[in-house]
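Asks: Encoded as structure tokens, here's the structure I'll be asking about.
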Amino acid sequence: MNVSQALKVYFVMGSVNCLNFDPEKTLSEAIKGGITMFQYREKGEGALVGEEQVYLGKKLKMLCEKNRIPFIVNDDIDLALELNADGIHIGQDDSDPFYTRKRIGATKWIGISTHSVQEAKKAVADGADYIGVGPMFSTKTKKDAHDVVGPFLITQIREAGFIHLPIVGIGGITVENASEVYHLGANGVAIISAVSQAKSPKDATQAFCSIQ
Ligand code: 3NM
């Protein structure tokens with residue numbers, strides 16, 4: 001699977017995002033529903049740290065590996081290495097992209113969060129394999145989220161002409177608004193709450209997978 005295919009229905013989650021089921025059950029249902037990539041994002045108030053964070057990460061990585069779902073770690077290079085993740089996702093204020101590349105190696109994927117054409121351009125120069133663009137819509141999940149940029153920014157990044165990286169939209173994405181994100185040029189959608197807090201993460205994922 002290449003990175004643009006993997007972005008199509010990209011489920012992002014940590015233990016604090018799972019309200020109805022535990023993280024393993026939530027991920028396993030999302031996998032049954034058809035997610036194409038997973039990001040372990042153990043962040044926010046009440047997030048696991050240390051050995052507990054690693055322990056849950058190992059269980060989620062095993063689930064992904066068994067089902068051939070690429071497994072990405074948010075922000076933490078040491079954790080990504082320890083879990084032998086397929087890649088790492090970094091924000092604008094996280095580790096330096098060149099340092100990250102040096103530590104994780106040439107074959108792993110690096111995703112970089114961006115909020116403007118300028119940041120997208122820089123992510124290309126910094127060696128990203130894909131870029132995240134957000135927030136597409138307002139989100140309650142990330143307390144320190146940037147102001148909403150809206151899906152049209154994806155079109156603007158595409159039209160800028162020099163950015164040929166795969167793009168995933170993130171932030172406030174639901175089954176109802178995801179098609180707009182695809183239509184405006186995204187290769188995929190990254191989702192936390194619309195899957196992790198769904199009554200049925202499997203059904204919610206299936207609904208995302210059927211959108212074109
Ligand atoms: N990053 P939900 S928005 C983790 O804009 C994250 O870069 C964002 O959660 C960004 O799908 C966001 O529940 C939260 O809105 C996404």
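Placed from the backbone N, Cα and C atoms, the Cβ positions cover glycine too.
Just so you know, TrEMBL annotations never went through curation; they're auto-generated.
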Asks: TrEMBL has Gln39, Tyr40, Arg41, Glu42, Lys43, Asn74, Ser113 binding 4-amino-2-methyl-5-(diphosphooxymethyl)pyrimidine. Which one of Lys8, Lys25, Lys140, Lys142 is in the same site?
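Replies: My reading of TrEMBL gives Lys142 as the candidate in that site.
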Asks: When a 10 Å sphere is centred on the Cβ of Lys142 (4-amino-2-methyl-5-(diphosphooxymethyl)pyrimidine binding site), how many other Cβ atoms does it contain?
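Replies: Neighbour count, Cβ to Cβ under the 10 Å cut-off: 17.
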Asks: DSSP three-state call for Asp94 (Mg(2+) binding site): helix, strand or coil?
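Replies: SS state of Asp94 (Mg(2+) binding site) = coil.
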Asks: How big is the gap, in Å, between the Cα of Ser113 (4-amino-2-methyl-5-(diphosphooxymethyl)pyrimidine binding site) and that of Asp94 (Mg(2+) binding site), rounded to a whole number?
Replies: 10
Asks: Looking only at Gln39, Asn74, Ser113, the binding-site residues on record, which one has the least crowded Cβ, with the fewest other Cβ atoms within 10 Å?
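Replies: Each of the binding-site residues Gln39, Asn74, Ser113 was scored by Cβ atoms within 10 Å; lowest is Asn74.
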Asks: Which of the binding-site residues Gln39, Tyr40, Glu42, Asn74, Asp75, Ser113 have a Cβ less than 6 Å from any atom of ligand 1?
Replies: Ser113
